[in-house]
Amino acid sequence: MAAQDVLDPSNGSKNTMKIENTEKRDTLIDIEKKYQKKWADDHVFEIDAPTTAEFPFDSITPAELHQKFPKQMVNFAFPYMNGSLHAGHAFTSSKMEFATGFARMEGKRALFPLGYHCTGMPIKACADKLIREVEMFGKNFEGYAEEELANGDANPTPAPTQDTKADITKHVTKKSKAVAKTGKMKYQFQIMQAQGVPVEEIHKFCDTDHWLQYYPPICQRDMTSIGARIDWRRSFVTTDANPYFDSFVRWQMRKLKELGKIKFGKRYTVYSPKDGQPCLDHDRSAGEGVGVQEYTALKLKVKEWPEAAQKLLSGKLPSSANVYFVPATLRPETMYGQTCCFVGPNITYGIFKVTDDEYYFCSDRAARNMAFQSVFPEWGVFPKVAELQGSDVVGTLVNAPLSVHKEVRILPMETVKATKGTGVVTSVPSDSPDDYATVMDLAKKAEYYGIKKEWAELEIIPIIETPKYGNLTAATLVKQLKIQSPKDAKPLAEAKDEAYKEGFYNGKMIYGEFKGKPVSEAKNLVRKSLIDAGDAFNYAEPDGLVISRSGDDCVAAHLDQWFLNYGTSANGGDGEWCEEVFKHLESGNINMFSSETKHQFEQVLGWLAQWACARSYGLGTKLPWDEAFLVESLSDSTIYPSYYTISHYLHSDIFGTKPGKFDIKPSQMTDEVWDYLYCRRDTVNCDIPIDQLQTMKREFQYFYPNDMRGSGKDLIQNHLTFYLYIHVALFPKEYWPRGIRANGHLLLNGEKMAKSTGNFLTLSGAVEKFGADATRIALADAGDGIDDANFEETSANAAILRLHTLKEWCEEMIHDARLVQSPEEFAKLRDAEKMKNTDVIQRTGPKNFWDELFENELNGLVKETFDNYSSTSYKAALKTGFYDFLLARDSWRSATAGASVGMHHDLVKRYIELQALMLAPIAPHWAEYIWLEVLKKPSTIQNALWPEVPATVPALTAAREYVRTTASNITSAEGMQQKKLAKGKNVDYDPNKDKRLTIYVAASFPSWQNSIIATMRDAFDGLSLDMKAVTSKVPKPELKRAMPFIQELKKRLDSKEPAKEVFERKLAFDEVEVLTAMVPYLKATVKKCLQVQVIKVEDADGGKKKKGVVVVGEGEGSPVAELPQTAEGAVPGKPGYLFANV
């Protein structure tokens, strides 16, 4: 790929849809831009609480205010300002946007604010890269040779590697979030070019402040372009760039420290040696969500080296040296059962000097981690004195602490990985399926592996007993899962997880010092015993690959640091705090919108532990009591939704340089003031006027608690859980969050979004390509659950045509309407004038049967759509409020046109009005145009309330379904005849010639069914049907005919359909009346149908035979003696029909 192609901003979307004919789209975009400007000019989305002038501060409680003036506050995790928003941002924000639009229609004061996240490493790291690149290539990078991009090393970020879950009791992320979707580019300036930043502007981004100036306006532009109902007065940037927000964060951190929620001490954390500080989730280019895994590192002292190792080590170790193999284990309680120790024969290991007399054998990676855990004398230094292959040390005799076998051998294991643990694995075949499978294989193929068979045949001692697998768990699982060799990776991974889980939760020690204790208790006791005896030490590493944004391969470091004491007591955290959060989660006072979301929160609360809340590099607020550090990016973004409630009173620009509604200085915002505003105290001593303080406090008390917080599901494991923790710590219970709506990731056209594959779409790109409303419709259509959603460009493109076509139809119906008084006038005008669209000829006066069906259907769809919006099921709301609305209209148009009666003018207007209202939350620009310019309403649809409609009439609903089913069955039968004719088969009539349609409608159900229903009613106890009792009372000659009928009714009863409806079987409508109304429609829609005759079929001769009478059509009132078989099968609600040529 040529260098210029790589850097072309459009390259990232090269494989997405291309649109050629844009006239319809451009028409819609013109409308969208017009109304976006009008909404902004009219301040439509600027929402305030009821003022203290209307309701004095102490005259009404917040609860009473909410009752009198319902409100809704929603927001999503504010975007990071190091690039433009993409379709994934649009998807998450769309949920908040649709919720806001609907809440306004419910009469709520609906607040949707948005800020700009700038805290942390990303901006600083990128700016520092650009400084170096400007030094290398010049201000405009003129010294850069283009061929380097095409031919040089693109230095892609390595993908994280994950083995089977290390610790079954702890969460491990399944994959890293792709933070940078920029493809493979070596330099930061290239990434900026690919994002569309002009090359002559890029050098300005060397200054971190420029990022804060450049991207927020782009964010506001893009969110405005899609029609977001955001109150932009409340926006702000994070970090000390805004002194008011800086004060807010400093207050928050001081309060948490005062409450004992922030602690100081040594703990393991993911750390970047290059950056010299912890590398937390938002500081990473790979490995987001990866935490630290702690191990027990055993010390297996070498007693005897094999000959190969002796030669390699000659002269490299002092004679007094004690060398220890250092396996890392998660199961110290099983060490009593060690039978050998494994190394990877093809792995390169080192021997590292700890003291003059002590040396450790492990992988380089492990030694590097240990160097930042005070294992070696000098921080960050791990002196290697020798290097060996694993195969060189096979056969080494070592001492095994705690093992019943005091000395064991080092043996080869081909599945050992240098990227996990220390690369040395101690073997406990009693409880580890991997170990069991390997020692069995080694013993079987000793000669092949170059070992002595007896080395692999030490007795396997039972250590732990479980109810499920006995006292030799590994052997049992290997047998059950039919594992044949160590290469059976998938079943071994399954067995490993199962063995660990069963052992930890249900196992009991049956050997050793802690015999009789549960494994869950003995685990830490054995660990302590080993460490106290000097036979082990603590070791930790990142539980997966973590790459910092500076490109560093991170380690686990044991640091003195400030940390938020999250977690259960068992995880070393503040157990009471964790329990309060858990109780809120389970209280029913917070809506998670899906059971899976709630389940994920419960899991996170179980494993989440202490979290470093400070760093020394990046952007942010200085830690108030230790200003050498900054508050990290996931710790300053927990309760900021509360800041939205008052921000516009403090400042009128995002940087806090211009005063807000009140002339309050940052210095006036003391901790005492913040405490007062956020209901932590009732009085305050400050120089801010009390009326201003009360006004701000009113805003907080009115809009809080936060009703819905939106985010991608990947933030459940950190940000969203922190959000709950800090709210619970700092606010009274009535202000704790009321809703968290997590969504899945967004696929684009069924594939992962990535610039490198050309399958990427920015928010601005989507709006430019499809327009705002079509994009919004595709976002609504993408999906609503926590599973990954899919933005289909074909859906957005189809929405353009639908919206434009419907817009033109609405315009014609209102502007060009020709009103008539009767069906006769309709037919006369239709036939007299050649009209492009006869829909404009509209009836007035009384409504007919078709009108009633349509109006009733609309009422039902309005109710369904309301329920769908209420449950945030936007895909379903789009279906019922748009697609089904269109289908209902088309059915009505077809029926009234076929019946030559035309549509009713009032109902046309009603449909258009309801359609605009149904679409207002999702496609507000289109709805606004119809509302104001077609229907000529006096004010914006953004302030319109949800329409009130009468309850649906069951009889009309049933009649509508009857009409559609009957018409469909008749046309399908006609179609079958056409197919037969086309294939040269014999047909009963020629469908292409003039014909008569005869419909046979049953006056009653067959009398034999009545007796069976009576029998079934007696055998039904309200819960279940006694089939034996039923079949025993049905005469044997009748069973063949009766059983399908019995089974059908039983099926309905089993589905919990009310027994009364099942047994009484009365139609909710007059079938003959409905068919009479259908006759003109059927004549018009069935090809060459000259006559329609309806014959009513009744029982005769005591039910032994049938008789008929013509009730509609030629010969009306005449009896019909001979009836065809199709008439015999007719039952109420399911007519028979017959075609014949005339």
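Glycine too: its Cβ is placed from the backbone N, Cα and C atoms.
Any TrEMBL annotation is an automated prediction that lacks curation.
Of the candidate ranges 1-21, 169-189, 820-840, TrEMBL annotates residues 1-21 with the feature region 'Disordered'. The stretch in closest packing with the domain 'Aminoacyl-tRNA synthetase class Ia' (209-790), judged by the count of Cβ pairs under 8 Å and taken from 69-133, 852-975, 1001-1056, is 69-133. Long-range Cβ contacts of the compositional bias 'Polar residues' (10-19) within its own chain (Cβ-Cβ under 8 Å, at least 6 residues beyond either end) map to 25, 181-183, 194, 748-749, 755, 757-762, 765, 769-770, 793-794, 797. Across the domain 'Methionyl/Valyl/Leucyl/Isoleucyl-tRNA synthetase anticodon-binding' (852-975), DSSP helix (H, G, I), strand (E, B) and coil residues number 95 helix, 2 strand, 27 coil. Note on the domain 'Aminoacyl-tRNA synthetase class Ia' (209-790): its mean pLDDT in the predicted model is 94.
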